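According to TrEMBL:
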{"type": "DOMAIN", "residues": "3-93", "note": "domain 'Acylphosphatase-like'"}
{"type": "ACT_SITE", "residues": "ARG18", "note": "active site"}
{"type": "ACT_SITE", "residues": "ASN36", "note": "active site"}
Amino acid sequence: MLKCEFEVFGKVQGVSFRKYTFLKANELNVFGWCKNTSSGTVIGELEGDEDSVIKMIDFLEREGSPGSTIEKCVVSNRRTVEEHAFNSFRIRCDA
C-alpha cells in the first residue's frame, strides 16, 4: 500500500477543492484527509493501493475542482506501508 503527503498551491480555497478531493478519494477508495491552510494551500495525506494513490495524485496535480487553478502539487514522504492508518477519507476543518 502506498502512502504520501501533499500540498496543492494555486487558487484552491473557496472553489470546493476539498469537496472534490473528498469525492475523488471515495471514488478511488483512497483513505486519508485534506484541509485548508492559513497560507492558502490545501494539504493532506493519502493512502491506498498504489494505482489508486497515483490516480489521486494526478487528480490533485491536473484536475481539482471547477473554478480551481492548480499552480503545483508537491507530493512528499512517499512510502510503502503494510497497514492503514485511516479507514476513510475526510475533510478536516482545523486549519
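Cβ atoms are placed via backbone N, Cα and C, with glycine included.
For the pair ARG18 (active site) and ASN36 (active site), the C-alpha distance works out to 8 angstrom.
ARG18 (active site) carries a helical DSSP state (H, G or I).
Residue counts for the domain 'Acylphosphatase-like' (3-93) under DSSP (helix as H, G, I; strand as E, B; rest coil) come to 26 helix, 37 strand, 28 coil.
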